[in-house]
Amino acid sequence: MSEETLSKKQITRLNKLQKRLRREVGSAIADYNMIEEGDTVMCCLSGGKDSYAMLDILVNLLQRAPVNFNLVAVNLDQKQPGFPEDILPAYLDSLKVPYHILEKDTYSIVKDKIPEGKTTCSLCSRLRRGTLYGFAQKIGATKIALGHHRDDIIETMFLNMFYAGKLKAMPPKLLSDDGANVVIRPLAYSREKDIAEYAELKAFPIIPCNLCGSQENLKRAAVKEMLKSWDKQFPGRIETIFTAMQNTSPSQGVDRDQFDFVSLKQDPDAPMKGDVAESDLPAFDFLDLANSGHIDLDAAKRSSDLLKIDVVSTYTP
């Protein structure tokens with residue numbers, strides 16, 4: 001499929017997806033101040049649907065963004081067997097985007113360290129990340145753009161909860177441990193299914209990600225299936241989960257490193273409250289015997305109203 005052969009219905013759908021993805025990327029960039037005046041953004045291109053979509057949207061953003069920035073695409077050829085070396089250069093030449101194709105045989109390292117049949121993705125990604133971080137410094141890139149989307153972020157949170165005992169995900173913007181690189185994820189607000197459909201309609205020249213023969217990450221696959229089931233059974237739940245991730249309250253949690261529970265003390269000089277809402281009352285019941293329900297103390301301003309209140313279950317020694 002190519003854009004020239006799309007039906008009228010498909011073109012309409014493509015335009016709708018394009019507007020949605022561009023809007024979401026623009027919002028994510030603005031919310032997290034991902035791209036600033038004079039930045040050089042190194043767009044990491046793997047050949048998968050996500051990185052293609054990210055590059056496509058960032059190229060468009062170059063022309064209309066309120067700030068001036070430079071964009072350079074970078075692909076790391078990790079010497080996996082069967083990797084088509086001509087696809088990405090041809091595609092990037094057609095876009096007229098500056099790019100670098102790096103070569104580093106991390107495949108041999110991974111095969112040497114990981115037993116046959118085991119998932120190699122974790123080690124492979126760490127080696128790839130180290131190479132890309134170093135190259136970003138070499139070319140003076142101020143931001144490293146990765147193609148992780150909203151589903152990746154949510155899946156990572158549940159993986160860490162279930163298997164690592166941590167409430168930790170992928171931040172839309174990250175400073176590397178050594179402080180040398182800033183990583184951004186412009187697709188942080190975008191759904192994987194929208195990206196997949198967009199990539200198909202745009203006919204990106206996708207390169208398979210399993211050329212190495214690695215087994216699928218079964219834990220991530222299980223979490224992905226769980227979220228897919230929730231999305232089908234409870235529409236809106238995934239959106240609510242992501243919203244919750246943006247609205248954390250350390251004082252209402254149990255992590256002592258995030259909030260100083262140990263030092264919490266009552267303030268003896270705190271002013272006494274006059275009229276109080278029912279939610280602020282101590283742990284005994286105020287009952288309105290007239291209607292056998294709770295009475296609104298804020299509405300009970302007259303003394304005759306207050307006579308209706310019967311205080312129960314109190315004790316004075």
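Using N, Cα and C of the backbone, Cβ positions are placed for all residues, glycine too.
Copied over from Swiss-Prot:
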BINDING   CYS121, CYS124, CYS212  [4Fe-4S] cluster binding site
MOTIF     46-51  motif 'PP-loop motif'
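Proximity of distant same-chain residues to the motif 'PP-loop motif' (46-51), defined by a Cβ-Cβ separation under 8 Å and at least 6 residues beyond the stretch ends, is recorded for 75, 87-88, 146-149, 187, 192, 195-196, 199, 204-207, 209. The DSSP breakdown of the motif 'PP-loop motif' (46-51) into helical (H, G, I), extended (E, B) and coil residues amounts to 3 helix, 0 strand, 3 coil. Residues belonging to the motif 'PP-loop motif' (46-51) score a mean pLDDT of 95 in the model.
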